[in-house]
Amino acid sequence: YQPINDGGSRILGYHLERKERNSILWTKVNKTIIQDTHYKATNLEENIEYEFRVSAENIVGVGKASKVSECYVARDACDPPGCPEAIVVTRSAITLQWTKPEYDGGSKITGYVVEKRDLPDGRWMKASFTNITETQFTVTGLTEDQRYEFRVIARNAAGAVSKPSDSTGPITAKDEVELPRISMDPKYKDTIVVNAGETFKLEADVHGKPIPTIMWLKGDKVLEDTARYEIRNTDFKALITVKDAIRVDGGQIILQATNVAGTKSVPVMVKVLDRPGPPESIQISGVTSEKCSLAWAPPIHDGGSDISHYIIEKRETSRLAWTVVASDAVATMLKVTKLLEGNEYIFRIMAVNKYGVGEPLESAPVLMKNPFVVPGPPTYLEVTNVTKDSMTVSWHRPDSDGGSEIIGYILEKRDRTGIRWVKCNKRRITDLRLRVTGLAEDHEYEFRVSAENIAGIGEPSQITPYWKACDPMFKPGPPTNAHVVDTTKNSITAAWGKPIYDGGCEILGYIVEICKADEEEWAMVTPQTGLRVNRFEIKKLIEHQEYKLRVCALNKIGVGEPAAIPGTIKPEDKLEAPELDIDSELRKGIVVRAGSSIRINIPFKGRPTPEITWSREEGEFTDKVQIEKGINYTQLSIDYCDRNDAGKYILKLENSSGSKSAFVTVKVLDTPGPPQNLVVKEIRKDCAVLTWEPPANDGGAKIK
């Protein structure tokens, strides 16, 4: 390049000198002054290393020499690389690709240097600062919307440096967006037909900016590179090779290319000629002691040929040999007759096409017997609500309904002094409980229950113990959910619920007692006759003094067991908005099996004590739901839960300072509810088609 300082006079020309690397003697190369800024040095000795320097001359004379160049070996130079091409252009980077020099100068190409120039007036400068060994390089750190041009220089193992390649021409650094394009051979527009065991491949050219992501799909499944599926995708080419084709390889294979501009998909239909796959969804219905009906669906894979017919075979589970039932069934249903009562059979079905007999589909074992028998005995008999002339008897359904719906129950009683069983019901009982009335006072009774279906009345249940018909009278149990509702600086307000057990007679009132936390002397703060309400404010207390509270229920027998309010309570004025403390596991929801218990315990804070409201998004609570309320917690409990207890349970807390709500999702894994809208269609002389809708409640799991 020209010197930065021309000495105040125009540069007349240049003088070029050389020397061998190990020499100290500089030799002038040019005989006449060099007018240009480049010069071809000749008469060099091959494989000798030379260094060069140049001096500028103006009207005053010859200036100082330049910095000595690197060492160069006198060998044939390699050709320049091919013109670089921009394959990816973004606002801050450009990826270039080029071809190797046609002639490498007699030595292996060891690397490349990429140069760039800002347009329109920039100078050429290095864009790469490490040796580039590949024919591709990404230039980074570019300025958005700036125009650049690029060129590449090759270097070989002998140290020879090529001339720069042709320039790329102007390229603007900006994000280029181009929808993916897929080019495939026209033959792929037709169905590709291959025989089982053969190998086939699908290929296509893919373009787009930025470079698209390429995927091969079959249905919704992305195909992965495996031993049989060989996928070789590059930036601009997609290739999949399927080896040893089998039946499941047939169908639609989709090539999908995606970038920020969008997605392009091209389907290719492949037909693999093979034997058919196994039929689908075998169902056995209409089972009696000597016949049954089979129904199935055609195979998913027909082997590339229409299914001509089906072969149906049977065998007894105690034998290994199969017997042909039908060898040319065209329809997908068959009625099998002449079976032996009490024997257990397995059926299998095979589809046939022109390539042979397909894989079999086997049924589950089926026992040949009439479908209906009498139901089993009911279970878990329980006697409650005993009075002098009545009792309530409840029970659970039988473990077996005999294959037919239970249409009712028969409840019987027997007096300890008698020997005959007497029916308690005149009409059929459809519920799982009955209030038995008209009993003789002070007599003892035992009970049993039988279930009835279309086949008749089943065996009776186990007999209950004897129960005496009399009015029970005891002291009541402790009140439920005793808790503090509010406090002030000189009062405490407590509330409670009715006892679960009233002692067999009416609750006359409630008694509230209080004592200091460090004492054991309880003082009654209500009248001795008790309160008729479930809430009471205790006044004239000492501020910040800790107290203990308890509540007792009162009936005509006496004062029952006390229910203590947990912890100690201070009379003080507090205003706090409600806050809930739900752990992370509870937020994820509760999953239990039917018959288990559910406990949703949620601590909270708030002053005055928030009003607690539990609700259920799906509607009213079931009778099994019990709610416990404390001064700083609330708990919802359900024993023996079933699918009807599933849903979203919502807790809302509210006081004068604000409100807060949260929910817990409960999932009960249970048997599903009954299917809906059963309809009989297409009734024929030997069969009928039934349709129905899934049950409203799936029992917490997908219907199989």
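Every residue gets a Cβ built from N, Cα and C, even glycine.
Annotated domain 'Fibronectin type-III' per TrEMBL: 1-76 (among others), in sequence order.
Mean pLDDT for the domain 'Fibronectin type-III' (80-176) in this predicted model: 89. Residues annotated as domain 'Fibronectin type-III' in TrEMBL: 80-176 (among others).
The domain 'Fibronectin type-III' annotation in TrEMBL covers 278-371 (among others).
The domain 'Fibronectin type-III' annotation in TrEMBL covers 377-472 (among others).
Annotated domain 'Fibronectin type-III' per TrEMBL: 478-574 (among others), in sequence order.
Taken from TrEMBL, the feature domain 'Ig-like' covers 578-667. Across the domain 'Ig-like' (578-667), the DSSP tally of helix, strand and coil residues reads 7 helix, 53 strand, 30 coil.
Taken from TrEMBL, the feature domain 'Fibronectin type-III' applies to 674-704 (among others).
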Closest-packing stretch to the domain 'Fibronectin type-III' (478-574), where packing means Cβ pairs under 8 Å, from 1-76, 80-176, 278-371, 377-472:
377-472
Going by DSSP, how much of the domain 'Fibronectin type-III' (278-371) is helix, how much is strand and how much is coil, in residues?
0 helix, 50 strand, 44 coil
How many of the residues that make up the domain 'Fibronectin type-III' (478-574) does DSSP mark as helix, as strand and as coil?
0 helix, 47 strand, 50 coil
